[in-house]
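Undergrad: One structure coming up, written as structure tokens, with questions to follow.
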Amino acid sequence: MRTAEEALAGSGIFEGADPAAVGTLLRRFQPVQFPRGHVVFERGDADCRLYVIVQGRVKLAQRTGDDRRGLLEVLGPCDVFGELSAFDPGPCVSTATTLTPVRAVHIDRPAIFASLAESPTLGEPLLRLLARRFRRTNDALCDMIHVDVPGRLADRLLTLARRFGEPDGDAIRVHHGLTQEELAQLVGSSRETVNKALSDFTQRGWLRPLSKGVVIYNPARLARRAGSRAPYPQRTPRREPRLQPLPPSASAGGALLSAAG
């Protein structure tokens, strides 16, 4: 079972930061647990906390002007969410809901800015964290404009496989936990159109749909259909996110997080 320290190290929040500064920030994180189906925050809320997932999965969604819901991302261990509201005093821009029971750690805006005031070197890794969020948003917008629905579906399935896939003989089994409607939201299309693309992929022998999951037999074909810029997942055991060990000076903060481990 992953510990809070491992999740924080894998999140990239401390990447390149001064060891003493890491200890300052680490001590300000607090553990928290949520049951399955819990709404951590809703779009428009004033929640100003940054969360790092230790165990479990969280989905981020938005409602459109015509009250339709759009699924933005599915997050897992070591992933960060709530970072925009943690730095910007504006309301939350999405709704975060747990797909499974979740263990996480969080830090609020005052604690982040207090850490930055004490240790300005923390600014660079935190800026990189925000830049990654903007890059993902930009990539998603470009896909919506330039990539057709089957291509977007192939890309999203490969992303879920890289994140949550497990070996199943010569295939990759992905229990993403999404309903057909939620998968369609993630792709940015209707359920009917996404189901048609899934049927086509199935007939070609590339995959087999499951209840809230999929078995992928030919990730290379999916990658070509997606025009993917990222490498497709191999038929090997899923690797955990690369963890960067926390410096010894951060160990004092580790005791505070032991309850989350």
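Keep in mind that glycine also has a Cβ here, set from the backbone N, Cα and C atoms.
Heads up, here are the entries from TrEMBL:
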COMPBIAS  249-261  compositional bias 'Low complexity'
DOMAIN    13-133  domain 'Cyclic nucleotide-binding'
DOMAIN    147-220  domain 'HTH crp-type'
REGION    226-261  region 'Disordered'
Undergrad: Across the domain 'Cyclic nucleotide-binding' (13-133), what are the DSSP residue counts per state (helix, strand, coil)?
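TA: Here the numbers are 37 helix, 41 strand, 43 coil.
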Undergrad: On the 0 to 100 pLDDT scale, where does the domain 'HTH crp-type' (147-220) sit on average?
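TA: The answer is 95, the mean pLDDT of the model over that range.
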